[in-house]
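Per TrEMBL, transmembrane segment is recorded for 6-25, 63-88, 100-120, 141-160, 172-191, 220-242, 248-266, 287-306.
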Amino acid sequence: MFVIVLKLILLMMFILISVAFVTLLERKILGYMQKRKGPNKLGFKGILQPFSDAVKLLVKESLLLNLVNLMIYLLSPVVILLISLFLWITYPSFLGGLEVSLPIIFILCCLSASVYPMLGSGWSSNSKYSMLGSLRAVEQTISYEVSLAILLLSLVVINSSFMLKKLFSDSMLIILILFPIAILWLISALAETNRTPFDFAEGESELVSGFNTEYSASGFVLFFLAEYSSILFMSLFFSVLFLGGVDLFLNLSFLTSVLVFLFIWVRGTLPRLRYDKLMELAWKIMLPLSLVYLLLFTGISLMISISSV
């Protein structure tokens, strides 16, 4: 029991440290994309900047508004961070200890549950900006989660397994056959994590900061950590599903880093979509394509099973 707890504590520590350096990587890459340096003063080439930001935000005073629903307001950032950290125990690594028996189902449940703290934070803040941001986040997450789930089910059907170990055992073959699914899944992952060009939940030009407008100091930090932890996990998950990642070895770390760079590159390159275009993409393009692939792979799987009898 002690070993399992120690492994989980180490895993969570590594995730949070990784998130800190992902924020530094993002600021440096966006800086060079815009012909500036980015953070470069604190430590060697700005390497201590994330820790400085964390200390600054955590020691700031948290402001509470008069009319907030206090319990939900305080619990929402904690719950969303816990959900994003729970995702990591599904990966079958030597650092795990509580691997779930059906990791794909557990991941989909966690992604669905992350809607509630976003909605709760917007509603409990008693602010129109926050409420609009949380409603957008819920609509967007639900819309793209349908396609994400169907694409995952396509992989489950073709592999005849809900286990991640089974899914990534043949994944180099899968990336050749299922390249369109990989592209669709990546677009859905961008929307699921509220990243550019789908960052309507935090539309700065329209909603100040979206559902976390009224949060400062430690509350804001928890939302920030949850967002970047989800980006890291989605990058890892894509590497496992489509690029043949194997446990916590060098190739998986490299592939995950490439995917994180892609998330940042998209942010620095693409403009924000119009909201009706976002919904049109989800329901008129992504969903029909996902259903076509699911039916196709179900048919292929049935043909293979019938021919092998």
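Backbone N, Cα and C atoms are what each Cβ position is placed from, and that goes for glycine too.
Keep in mind the model is a prediction, meaning the values are calculated, not measured.
Tallying C-beta pairs under 8 angstroms between the transmembrane segment (6-25) and each of 63-88, 100-120, 287-306 places 63-88 first. Counting Cβ pairs closer than 8 Å and at least 6 residues apart in sequence, the transmembrane segment (287-306) and the transmembrane segment (220-242) reach fewer than three and form no contact. When Cβ-Cβ distances under 8 Å to the transmembrane segment (248-266) are tallied for each of 63-88, 100-120, 141-160, 220-242, the top count falls to 220-242. The stretch in 63-88, 100-120, 141-160 that contributes the largest number of Cβ pairs under 8 Å to the transmembrane segment (220-242) is 63-88.
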